[in-house]
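As recorded in Swiss-Prot, the features of this protein are as follows:
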BINDING   Gly11, Gly12, Gly13, His14, Ala15, Gly16  FAD binding site
BINDING   271-285  NAD(+) binding site
Amino acid sequence: MNKKYDAIVIGGGHAGLEAAFAISHKGRNTLLLTFNSKKLGMMPCNPSIGGPAKGIITREIDALGGMQGLWADLATIQLKMLNLSKGPAVRALRAQIDKEKYSQLAYEYVLKQPNLELLEGVAEEVIVDENGYFKGVLVENIGLIEAKVCVITTGTYMNSRILRGQDITTSGPDNEKTTPKLSASLAKLGFTLQRLKTGTPPRIYSDSINFDEVEQEVLSDVNISFSSRSNLKKPKQIACYLTYTTPETHRIIEENIHRSPMYSGVIEGIGPRYCPSVEDKIVKFPDKERHQIFFEPETADGAITHVNGLSTSMPIDVQELMIKSIPGLRNAKVQKWAYAIEYDALDPLQLKESLETKLVHNLFTAGQINGTSGYEEAAAQGLIAGINAALKLEDKDPIVILRNHGYIGVLIDDLVTKGTKEPYRMLTSRAEYRLLLRNDNADDRLSEYAYNSGMISKEEYQKVLDKYKLIDDEIQRLNTTYLSGKSDVALKYNITNGSTLLNVISRPDVDPSDIIPNFPYLEEITTMVRLHGYIEKQKSDANKAVRLENLKIPEDLNYLDVKNIAIEARQKFEKIRPATIGQASRISGINPADIQMLMFHLESRNKKNYDQN
């Protein structure tokens, strides 16, 4: 095999796949190193893509030229648009995925991808040269493989262990391998590691479930997709089911809580706040009589059911009692028991906005190693890290997505500016400009980034420009066209003469298809018209913030020279080393006075340099 590459990507999960495809797409010779080539893009937790905010991230990945949206569309077995009764800012797609098909698609695409080589192996050590640049990776039973750049995407596999009660196994998810030596290697290089935890529920053989005892979910009528490249018809919808925990479930958990590693002190890692274990729910919400449990098929044949909402680290004998206490599962046969998994992750404050590490040049990290949870968050980071690794090879500036341009920008900015001590999950509430970051306009927001970084072609970019020109032209036409008071539409909605079509379509009681029945982008134009004032207000606010993003802070700035700032501010500036005034202002504990003094210092420094020149 070749032992020299332009790039090495460690890990074949959602982050690693996006990174490998991005770098190889840009013509760089890339090695994707993974434990098991037949388990690329695994879904060890819930078999779904999308959801609030997360579905918009997948749309953004597609707009940037990534793969997750396309594969999700091809493997979808149920699709719904969430929050339809709410505003456009929080609407998002969620797809139930055939997890085996998704993994198979990833494998097939990897084999067909030019400039991309797949290798099974265990990364043991990151090698750095005397100047602090990444040099290569030591691989078990193979030796040193050299490359110019590297993206580490180890997920939950780094120095991981699985816990069920007192039964503790050193392994990755689903009894895969783990990488304790790689974790030790990063610590030796000076990286600060933290211990995190997540969990997964049991899987049940579907033919042992009594579906008559549970509620079938109402299927949505959605004809939309994550990817602009899939051109799929609406998938055949496969139902999920809803049931609940019972007082008996709660009694079993309460009586055995001392046997949960979460509460016996065995687990050191911090778990995800927004995806708690079932024992966590019972302990933290003792007054709640029941908790939702969803039965979700893992594949199109529906043979195995994922019991969403029953994540636990209880021992197997307790799990069995819990499962039998839930309606529909009285006679359940378990295919896989639930478990908690603990793993090493980096403190993301050690990263630049490009996701390159501050300690080692040309070394990038992405996904759960950076302290996030979720397939979508991982894929987004992998894509950005991959693009920026390739741009580094071209000696070009990295792409940094602004907070008003994408949830991906919010995600990365939060990580590298604020850090996280628990698995970070993207929420709509984290985005201050969420009305701008809608499900319907990801291509408008991000296609320029994709084109400028070489991820989409000129033709693809022009297609997006043409789409929004068509929308703008139609808005102009609507604004200059008046509705006859005698028309069917006017009579239907009791509209008098003198109203423009734009005014008519802006009314929430009007069906826009009555006004422009054949317009191809009905959702986009309706949202833009009806929320025009609110959108313009958020754009104005965002533009003010962007001015601070344009005020760069030199990498070599000595913060000891900055006078009249708080000691806490000086320490945080020194640790995080923000790239811009905007980023500096978002650091926790930094007050406006500190920012003013920092700006004053930079102005004085720039004036002094100008005078000297």
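Cβ coordinates are placed from backbone N, Cα and C, and glycine is handled just like the others.
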Pairwise Cα distance for Phe285 (NAD(+) binding site)/Gly12 (FAD binding site) [Å, integer]: 38
Listed in sequence order, residues not in Gly11, Gly12, Gly13, His14, Ala15, Gly16 with Cβ within 8 Å of the centre of the FAD site Cβ atoms: Val9, Leu17, Glu18, Ala19, Thr34, Leu40, Gly41, Thr153, Gly155, Gly367, Ala378, Gly382
Distance [Cα-Cα, Å, rounded] between Gly11 (FAD binding site) and Gly271 (NAD(+) binding site): 22
Rounded distance in angstrom between the Cα atoms of Gly12 (FAD binding site) and Gly271 (NAD(+) binding site): 23
Residue pair Arg273 (NAD(+) binding site), His14 (FAD binding site) - Cα distance, angstrom, rounded: 22
In the chain carrying Glu279 (NAD(+) binding site), residues 6 or more apart in sequence that have Cβ under 8 angstroms from it: Ile253, Ile257, Ser260, Met262, Tyr263, Thr312, Ser313, Met314
Distance [Cα-Cα, Å, rounded] between Ala15 (FAD binding site) and Ser277 (NAD(+) binding site): 25
Structural state of Ala15 (FAD binding site), classified by DSSP into three states: helix
Candidate with sparsest Cβ neighbourhood (10 Å radius) among Ala15, Cys275, Val283, the listed binding-site residues: Val283
Which of Gly11, Gly12, Gly16, Gly271, the listed binding-site residues, has fewest other Cβ atoms within 10 Å: Gly271
